[in-house]
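As recorded in Swiss-Prot, the features of this protein are as follows:
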BINDING   39, 45  NADP(+) binding site
BINDING   130, 131, 132, 251, 252, 296, 311, 312, 313, 314, 315, 337  FMN binding site
């Protein structure tokens, strides 16, 4: 399985082409639209989300509600493009129109300046448009297809926010996977403690009035993954490493950890390692899950626990100082439409990116020309693991 995305933030559309999806997977536009709608939700989103109502168009690889095994083409139209016809025109236009929305004051923390240097852009909009988080629309769309595969194999997942702009979420003890999932899904903030909703919303409103932004830490949990996915035999076969790369590829993500993560640096080995158990009904298990479901780059059969940290959005309504790329004089950075926070949306993106990596690993590990073939191979493997 592999995919490519294309498109700009204010261009005509966003596109993804996915190759390697088994034939016979039940797939409807509504499956993808559901995930796209989740990405657009959450408290703190800005005006762009009131303009766009993302709906996918499937133009290849699916017939009569089933995948055919051919490449799948997904497209989402940018409604906002109608206001940017001259600025984002494909053909050449008058110089005065080119200057209309030219970006020459790069934003600290964004790809504007370095992108312009790398690709020799006189107008930093050429970097801004593609580096925008709008691109993650298609990564969510691809992830929605991946989640359909995982669902057919009995794998489920959730995300929730652990730290929201410096506020630590108090997680009630002994919540089951399903309880965590339901609480997060029904929260505008993707948190599992409803008692903290108003406190955080008030803080977001305050940050918005200040023209500032906030980030936080998101946790994704995956249930139902058997032991043995990934490999220790080469560095690039380690599944946790693949997940780390994928999570860090999400716009504004600056760190990733598994299980208790960086807290391991403060603990002893006897406190960190997960003791092994075995029962006739369940096979091998662990007393704890400090390592987040991974040993030696392979899954252990425990829930996968992946955490990612998102920096505050770099576009500020009270912009920081920058430099004019023409005169090299100090200037305030360009202001583009932005949000005080996009943490709930980032959680949806992270969840779908993780789903894509896991689906790819499964498709590469098991015979998967068709879904029935994959389901049998996966079921046989589960049975083997249980009786090892």
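Heads up, residue numbers simply count up from 1 along the chain you see.
Note: Cβ is positioned from N, Cα and C throughout, glycine not excepted.
Feature annotations (Swiss-Prot) mapped to structure.
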| residue | record | Cβ contacts under 8 Å, 6 or more apart |
| --- | --- | --- |
| 39 | NADP(+) binding site | 54, 136, 137, 140, 345, 348, 349 |
| 45 | NADP(+) binding site | 339, 342, 345 |
| 130 | FMN binding site | 8, 9 |
| 132 | FMN binding site | 8, 9, 251 |
| 252 | FMN binding site | 133, 215, 310, 311, 312, 313, 314, 342, 346 |
| 315 | FMN binding site | 107, 110, 213, 335, 336, 337, 338 |
Give the maximum pairwise CA distance in Å, whole number, for the residues 130, 131, 132, 251, 252, 296, 311, 312, 313, 314, 315, 337 listed as binding FMN.
43
In the three-state scheme derived from DSSP, which category covers residue 252 (FMN binding site)?
coil
Identify, among the binding-site residues 311, 313, the residue whose Cβ has the fewest other Cβ atoms within 10 Å in this structure.
311
Taking DSSP three-state, what's residue 130 (FMN binding site) in: helix, strand or coil?
helix
Per DSSP (three-state), residue 313 (FMN binding site) is coil
Mapped DSSP class for residue 39 (NADP(+) binding site), helix or strand or coil
helix
